[in-house]
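Asks: Feature table excerpt (Swiss-Prot):
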type     : residues         : note
BINDING  : S147, S149, E247 : Mg(2+) binding site
DISULFID : C28-C46          : disulfide bond
DISULFID : C39-C64          : disulfide bond
DISULFID : C401-C413        : disulfide bond
DISULFID : C433-C461        : disulfide bond
DISULFID : C465-C484        : disulfide bond
DISULFID : C522-C533        : disulfide bond
DISULFID : C550-C571        : disulfide bond
DISULFID : C587-C610        : disulfide bond
DISULFID : C602-C613        : disulfide bond
DISULFID : C615-C625        : disulfide bond
DISULFID : C628-C631        : disulfide bond
DISULFID : C644-C658        : disulfide bond
DOMAIN   : 136-378          : domain 'VWFA'
DOMAIN   : 550-586          : domain 'I-EGF 3'
TOPO_DOM : 744-800          : topological domain 'Cytoplasmic'
TRANSMEM : 723-743          : transmembrane segment
Amino acid sequence: MPRAPALLFSCLLGLCALVPRLPGLNICTSGSATSCEECLLIHPKCAWCFKEDFGSLRSVTSRCDLKANLIRNGCGVEFESPASSTQVLRSLPLSSKGSSPAGSDVIQLTPQEVTVTLRPGDRTAFQLQVRQVEDYPVDLYYLMDLSLSMKDDLENIRSLGTKLAEEMRKLTSNFRLGFGSFVDKNISPFSYTAPRYQTNPCIGYKLFPNCVPSFGFRHLLPLTDRVDSFNEEVRKQRVSRNRDAPEGGFDAVLQAAVCKEKIGWRKDALHLLVFTTDDVPHIALDGKLGGLVQPHDGQCHLNEANEYTASNQMDYPSLALLGEKLAENNINLIFAVTKNHYMLYKNFTALIPGTTVEILHGDSKNILQLIINAYNSIRSKVELSVWDQPEDLNLFFTATCQDGVSYPGQRKCEGLKIGDTASFEVSVEARSCPSKHVQHTFTLRPVGFRDSLEVGVTYNCRCGCSAGLEPDSARCSSNGTYVCGLCECNPGYLGTRCECQEGESQSGYQNLCREAEGKPLCSGRGQCSCNQCSCFESEFGKIYGSFCECDNFSCARNKGVLCSGHGECHCGECKCHAGYIGDNCNCSTDISTCQARDGHICSDRGHCVCGQCQCTEPGAFGETCEKCPTCPDACSTKRDCVECLLLHSGSSADNQTCQNLCKDEVITRVDTIVKDDQEAVLCFYKTAKDCVMMFTYSELPSGKSNLTVLREPECGTAPSAMTILLAVVGSILLTGFALLVIWKLLVTIHDRREFAKFQSERSRARYEMASNPLYRKPISTHTVDFTFNKFNKSYNGTVD
């Protein structure tokens, strides 16, 4: 699958190479070249015949044709057809070890100097080899964040120098160590600037009330092989305090990179810059918050006390400036950052070449192993970088890594061991000729290496026959210059021999100015003089051709741009620059833009067409078809290989089948799997014996998969029969008890609801007082009214 786009690209290039030979499509004769130089620019297969009596005296364009056609038509050997070429000027052999005292004779790249002579459109190639030699000197500068949050980290690295030197001497016999620290710019709002904080910014901070004033960067220890000096310098350090969360570490990184003499970087050594912090960095434009509008100048600003003096004068450096200065000084930057900021710094590594990132524990206890891992990672890969590439050059790379397989479009090899050699084929192609006859130079350098390859470029744009030009030649009626087999007439003269003056006309021969019978004279865009067309001038461009039938402005456009800006218009047809095809040259043949992060073209889920991925896998999308929720996951696709080769549990476990299944895998067997590896995907599946098999996979830039597999699957012990019986009985009893509890709970809830309802109805009842009509009281009361006449008295009372 990944070879398909490359094969398609090769076929397209092959088709383009055959175009001049196809009938009716001879680009050389249809280009209407009127001089040798114009002919050579049309196509690298075109040649110019400078034989005096060759071809039609009327047709100049017949001299520009394919070389085979010119020879067949009688040109002989009098033709110009230069080809691109390569010459190796200096090629010292690669070294095997780097343990010499001075290291000056250590060669890690060959050749060292090459010159290429280029004809536009004609590609030439050369090979270069890179080797990570054994026992190469190492300079390591430890740059530490000394803000208050790093207090516990400072305690844990006080003896780092001794331990680090012991481990590094297992890898190289020539190791040096340096130390520097940083906090942030000592201006508001980055630091506490009130007078009471000038000597102690920790005043009022209960957890740690005493610390040193804030500072930008301090270079504390030049690179030295005395590790006790490192330990002693670390013990002297005290933390400081800044106001905001981000730190000013990138100021320190830039100074450590450009102050070569102060730091003590050796010319012939591997340069490692370890950057430790627990927070995010300030970057360019952040300084404007503090009134710093001057961009960083990328220069060294350390005073006699080795303190950064421009901290409060210039803005923070940009990522582009950092990458440029680190690359100029061959420095590999190692970000040692806490886990919560890992992804941010991981994104930085894509913008700063030669940079790696490792996860630092909160107390820096893993810093030793972190540095060793980063060193091994750096030494296991080689990546080419290009410096000062001329704008009119195209470069094409093909990498051949340790597996011996060629990978077109790749300029990086990973998974190398010390002593392995990576080979690269570099093809160079000129798109056009420079306006002036100049020689360009560009440099190829592996990232982080001192060694480089200087490539000189000369352009083969002039014809050798031009050296024999004859001004006012008798061959040109003394009215022009004879050069390369034809006459270049002086102003006012026309004709193949400059025998006529402009304005002269012979009506009997005007048909010589017609392209075909019935066609207008000079295609209606010129004047027939001396039986030859003199083309009009146009504000849109140039009109040319024997019959003024051609121009350089009537070609297809893309978004209003002629030939998309990637080609030249010749006689109504776009002649595309190298690297572009199509009617309007809008289709790029560069497949690097289709390369996914894993190194595969369109993530193996599509084709690269005109520099863009067209996803063919159902459900795949993204710029490189990297997203595909419905695609079979990689764990499933790698399982057959793991089963067949390591577990022998596949349906066909013979060696040949396993080799076919695992042809694109690099397999490592281990006893334990690292489950929190940020660079790999953790996979696991259940075997036929109910065991769990785990493995991790990651993609190498070469296109292969790196599989790390357990030696044996993890199997649990089978439970006994008594355990199963007790579990079943216990579950039954527990279920019954649970059901009883639920039933009792439901009954209780129901009773409580009924009682509450009764109480509610009872409280709403009302009663009135009444008497029984059948009830009579035992006591009756009567009223008697009588008069005692005898005494003349009366009595009105009650008698019981």
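Cβ coordinates are placed from backbone N, Cα and C, and glycine is handled just like the others.
Can you walk me through where each of these features ends up in the structure?
Replies: Cβ neighbours within 10 Å of S149 (Mg(2+) binding site), excluding its own Cβ and spanning all shown chains: 18.
Taking the Cβ of C46 (disulfide bond) as centre and 10 Å as the limit, one finds 25 other Cβ atoms among all the protein chains shown. The secondary structure of C46 (disulfide bond), as reduced to three states from DSSP, is extended strand.
Within 10 Å of the C-beta atom of C39 (disulfide bond) sit 28 other C-beta atoms, taking all shown protein chains into account. Mapped onto three states, the DSSP output places C39 (disulfide bond) in helix.
Its own atom aside, the Cβ of C401 (disulfide bond) has 26 Cβ atoms within 10 angstroms in the protein chains shown.
Long-range Cβ proximity for C433 (disulfide bond), meaning a same-chain Cβ under 8 A and a gap of 6 or more residues, is found for L41, P120, D392, Y459, C461.
The Cβ of C484 (disulfide bond) has 25 neighbouring Cβ atoms from other residues within 10 Å, across all protein chains displayed.
DSSP gives C522 (disulfide bond) a helix state.
In the three-state DSSP reading, C550 (disulfide bond) counts as strand.
Classification of C587 (disulfide bond) by DSSP places it within a strand.
The 10 Å shell around the Cβ of C625 (disulfide bond) contains 26 further Cβ atoms across the protein chains shown.
Long-range Cβ contacts of C628 (disulfide bond) within its own chain (separation 6+, distance under 8 Å): S603, R605, E617, G619, A620, F621.
Taking the Cβ of C644 (disulfide bond) as centre and 10 Å as the limit, one finds 22 other Cβ atoms among all the protein chains shown.
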Asks: Across all the protein chains here, work out how many other Cβ atoms are within 10 Å of the Cβ of C533 (disulfide bond).
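Replies: Its Cβ shell of radius 10 Å holds 26 other Cβ atoms.
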Asks: Among all chains shown, work out which of the disulfide-bonded residues C465, C550, C610 has the most CB atoms within 10 A of its CB.
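Replies: In terms of Cβ crowding, the pick is C550.
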Asks: Average the pLDDT scores across the domain 'VWFA' (136-378) and report the rounded value.
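Replies: Taking every residue of the domain 'VWFA' (136-378) together, the mean pLDDT is 91.
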Asks: What subset of the recorded positions C39, S149, C522, C533, C550 lies within 10 angstroms of C28 (disulfide bond), using C-alpha positions?
Replies: C39
Asks: Most Cβ neighbours within 10 Å: which of the disulfide-bonded residues C28, C461, C522 is it?
Replies: C522
Asks: Taking Cα atoms as reference points, rank the recorded positions E247, C484, C533, C587, C610 by distance from C550 (disulfide bond) and give the first.
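Replies: The smallest Cα gap between C550 (disulfide bond) and any of the recorded positions is with C533.
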Asks: Using a 10 Å radius around its CB, how many other CB atoms surround C602 (disulfide bond)?
Replies: 29
